[in-house]
Amino acid sequence: MEERNKTLGEFIIENQAAFQYSSGELSRIINSIRLAAKVVNYKVNKAGLVDIIGAAGAQNIQGEDQQKLDVYANEIFIQTLINREIVCGIASEENDEYITVEGNDNCHNNKYVVLMDPLDGSSNIDVNVSVGTIFSVYRRISPVGTPVTIEDFLQPGINQVAAGYVIYSTSTMLVYTTGHGVNGFTLNPAIGTFYLSHPNIQFPKNGIIYSVNEGNYVHFPQGVKDYIKYCQLEEDERPYTSRYIGSLVSDIHRNMLKGGIYLYPTSSKSPKGKLRLLYECNPMAFIVEQAGGKASDGLNRIMEIEPKELHERAPFFCGSYNMVEKAEDFMRLAKLSKY
Ligand code: AHM
Ligand code: MG
């Protein structure tokens, strides 16, 4: 069969064979995410048509509970994973605590935990701008057969066995890695099938796009201010183009295809940055690195940070390898000149 016509289902089966001693659990997790993504995609695409936008807890005219789409997406992803009894624990940006998956005696025997941001950038829904789901899979640390513990979730990103995102946009795509490169699948909505459309995605080493919320400029650290000025200089291929959707998945997806850098640094307003290390930075970092890009907190590799708490935040510099390296140079220089 021609590579371009391969479905995600076929791809998952083929790749399971490539994992020696694989029990198929990881494949079933990706399969469940594929299914949940289709359900969420259906709702996201109807968002402007039916009365589903609005505060969670309200009721629509049929008297049904009205849910915000991020609450809905959270429930769909969690229920899909729980119903299939393929993970032992789930942590979500939408939930304060992690979930221990129970249900039958066998559940604790599963090896993997899933961490996710079910609908990132959901404030964009009301204005018809693309949003995304981000997920990350780790092998548990606690012994199989016992309930999960917090340590199963507080693992550095280098321990990820899979990570991916779904982008709900002009077309819906699922992009993921299991540590063997990055592949992108586009949904054919007419028949509800994802097809391999972007095999072996490569992050261009250089780019001309920088993506940052410049409204926060005065609050940024000096190194970031200096780097932004560098991006705007008239020299070589600069000034770079500024592109910022404010939807992490979309901004990084575009930069990964075209070349560019995404920055969400610390600021005097958010001293630890805004993005969540476990649900946003680590999975995106794994994908970006697998595609040949680079992800750091401005000074250190994101995936080597030892997480201390579930919802911890981190500054995030991510994109074309050489661009991130350059931004890090500015950060280091500013730090040195401070002392
Ligand atoms: P969310 O998880 O509450 O949706 O916030 C994350 C989003 C990212 O998608 C996006 O890159 C960033 O927040 C935008 O933040 P800002 O509006 O501060 O630029
Ligand atoms: Mg988010």
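Cβ coordinates come from backbone N, Cα and C, glycine included.
Same-site candidate for substrate binding, as annotated by TrEMBL with Asp120, Gly121, Ser122, Ser123, Tyr244, Tyr262, Leu263, Tyr264, Lys274, chosen from Asn213, Asn216, Asn300: Asn213. From the candidate list Glu280, Glu289, Glu304, Glu306, the residue TrEMBL records in the Mg(2+) 2 site shared with Asp117, Asp120 is Glu280.
TrEMBL lists Asp117, Leu119 as Mg(2+) 1-binding residues, and of the candidates Glu85, Glu93, Glu94, Glu97 the one it assigns to that same site is Glu93. Taking a Cβ cut-off of under 6 Å from any atom of ligand 2, the binding-site residues Asp117, Leu119, Asp120, Ser122, Asn213 reduce to Asp117, Asp120.
Between the candidate binding-site residues, Glu93, Asp120, the densest Cβ environment within 10 Å is the one around Asp120. For the domain 'Fructose-1-6-bisphosphatase class 1 C-terminal' (204-331), the model gives a mean pLDDT of 97. In the three-state DSSP assignment, the secondary structure recorded for Leu119 (Mg(2+) 1 binding site) is strand.
Cα-Cα distances to Asp120 (Mg(2+) 2 binding site) place Glu93 within 10 Å, out of the binding-site residues Glu93, Asn213, Tyr262, Tyr264. If you measure from the Cα atom of Tyr262 (substrate binding site) to that of Leu119 (Mg(2+) 1 binding site), you get 19 Å.
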